[in-house]
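Read the structure below first, then the notes.
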Amino acid sequence: MAGPLPPLNQEAAFQKLQEYYDSSGKDLNIKDLFVKDAKRFSKYSLRLHTQNDGEILLDYSKNRINDEVWDLLLALAKVRRVDAARDAMFSGQHINITENRAVLHTALRNRGTDPVLVDDKDVMPDVRAELAHMKEFTNMVISGVWRGCTGKQITDVVNIGIGGSDLGPLMVTEALKPYGKGLHSHFVSNIDGTHLAEVLKKVNYETTLFIVASKTFTTQETITNATSAKTWLLEHSKEPESVAKHFVALSTNKEKVTEFGIDSTNMFGFWDWVGGRYSLWSAIGLSICLSIGFENFEQLLDGAHYMDNHFRTTPLEKNAPVILALLGVWYSNFFKAETHALLPYDQYLHRFAAYFQQGDMESNGKFVSKAGKAVKYSTGPIVWGEPGTNGQHAFYQLIHQGTRLIPCDFIAPAQTHNPIAGGKHHKILLSNFLAQTEALMAGKTVDEARAELSKAGLCGNELDNLLPHKVFVGNRPTNSIVVKKVSPFTLGALIALYEHKIFVQGIIWDINSFDQWGVELGKQLAKAIEPELDHCNEVSTHDSSTNGLINFIKANWK
């Protein structure tokens with residue numbers, strides 16, 4: 001078995017990239033590269049053919065790369081053993097080394113017949129059994145067979161969870177609203193009581209189903225919110241038995257679930273080889289099923305499985321997740337880009353960037369290697385974004401004319417679910433999608449800006465004073481991803497595409513992308529502070545800042 005990887009910056013392939021960057025790479029100009037190569041788009045784009053959902057296009061030609069850069073990046077992927085790491089994940093090896101766990105969210109969407117082994121046990125029978133349980137329950141609720149404590153049909157579903165138990169289902173139910181089956185979906189995550197209170201104002205206790213999503217059924221925020229929701233239900237129903245009609249659990253803790261009042265037959269389980277931020281494919285996706293129906297949930301799984309197969313079987317140079325990952329490494333580790341923008345030109349995808357903030361930053365926001373050594377190179381970027389065209393009127397100014405390099409992914413569907421005004425809205429949206437990547441690449445030179453101002457009637461000092469402000473340097477890198485339509489299948493494929501991109505980058509950086517110890521310290525300290533908020537006495541047990549904050553808050557309770 002191959003030994004541990006050397007630090008990335010000591011890897012010969014990395015050093016060759018650094019040498020090329022220093023000598024030529026930093027000066028690559030995307031606009032010039034297009035002038036020199038008429039076939040650049042066909043060379044640096046990829047079309048993935050699906051059976052029923054059209055093609056998925058990845059255009060990565062508007063990047064600061066040429067053949068030399070690309071060959072060096074691929075060489076880096078090979079020496080970092082990306083292919084072997086990929087195979088280890090799919091084969092059920094315990095690649096989450098700090099928790100000694102397999103990483104097999106891909107098994108949840110395995111639509112084939114091959115076994116998937118974890119510790120020599122095929123997990124697929126259990127996966128299929130849980131899916132069958134989800135299907136049965138989903139159909140009962142949507143059809144009206146399952147009813148509330150007063151006999152009324154369920155109209156609203158409230159998912160109570162946090163982190164991966166909230167962000168994924170929320171993003172997907174929003175993205176797939178056109179496929180909704182009529183139930184109204186609500187999500188409560190924040191321990192701030194306002195979140196729950198505002199949702200409860202909108203629903204009727206007789207027709208509301210609560211989903212409590214917590215593997216251990218001990219997550220503080222989730223159980224606190226669930227307990228308050230139960231209190232609200234009982235205040236209205238006056239019947240303890242009503243809990244079983246209005247609450248189900250996504251958990252593996254049967255004792256805690258039944259103690260809460262939920263019938264254990266309405267408990268949906270998952271496994272320790274499913275990480276929270278990769279769990280929407282599991283029982284955590286029950287709220288998705290109830291929103292769009294189980295058949296559409298299966299299409300979501302199918303799309304992810306399609307991308308899994310592409311990632312697993314395609315050579316690195318034509319592998320979409322690998323391509324995105326390598327481009328990210330190029331900008332993060334050589335151009336020192338600190339952020340990456342996800343910019344979907346589809347309103348239904350308005351939570352996509354927020355979802356992958358967790359997916360990327362919780363996975364690759366690490367400063368030590370798998371061997372526990374502090375790394376001396378950049379790892380995970382800050383991920384952010386908003387839907388177009390809203391972002392254009394907010395932060396694109398900085399992307400176009402700011403001092404920081406911000407690589408961007410633009411995502412758009414060729415077809416809209418809402419072709420209102422004869423499709424006019426969507427044509428305007430797409431024209432902006434297309435124009436932005438062109439503008440970021442080409443920019444506007446001094447001469448072009450001068451000619452434009454002259455044509456507008458400016459001259460002399462007035463022109464000279466305004467001229468520098470009208471110049472766009474350009475050469476801003478972008479990827480464009482186009483799907484035929486946002487469907488359950490294409491959304492599943494998009495999510496899996498980014499999941500695998502994150503995985504590949506983690507392998508190259510030699511970090512564990514599947515733990516999240518960074519969330520623990522704050523929670524530990526919060527437990528120590530919470531009892532200090534049970535009384536009005538001043539505290540002096542912390543640093544002066546924390547003491548001052550606690551005492552100021554207490555003083556303002558009066």
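In case you wondered, yes, glycine gets a Cβ from its N, Cα and C as well.
The active site, proton donor annotation in Swiss-Prot covers E362 and is backed by similarity to another entry. Sequence annotations record features per position, and here Swiss-Prot assigns active site to H393, K523 based on similarity to another entry.
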Discussion item. Taking 10 A as the limit, how many CB atoms besides its own sit near the CB of K523 (active site)?
Written reply: 10
Response to the item:
Students should find that the Cα atoms of K523 (active site) and H393 (active site) sit apart, in Å rounded to an integer, by 37
Worksheet entry | Which of E362, H393, the listed active-site residues, has fewest other Cβ atoms within 10 Å | H393
Practice prompt. Please state whether DSSP places H393 (active site) in a helix, a strand or coil.
Written response: helix
Practice prompt. Pop the Cα-Cα gap between H393 (active site) and E362 (active site, proton donor) into the table, whole Å please.
Written response: 29
Fill in: Assigned conformation of E362 (active site, proton donor) - DSSP reduced to three states
helix
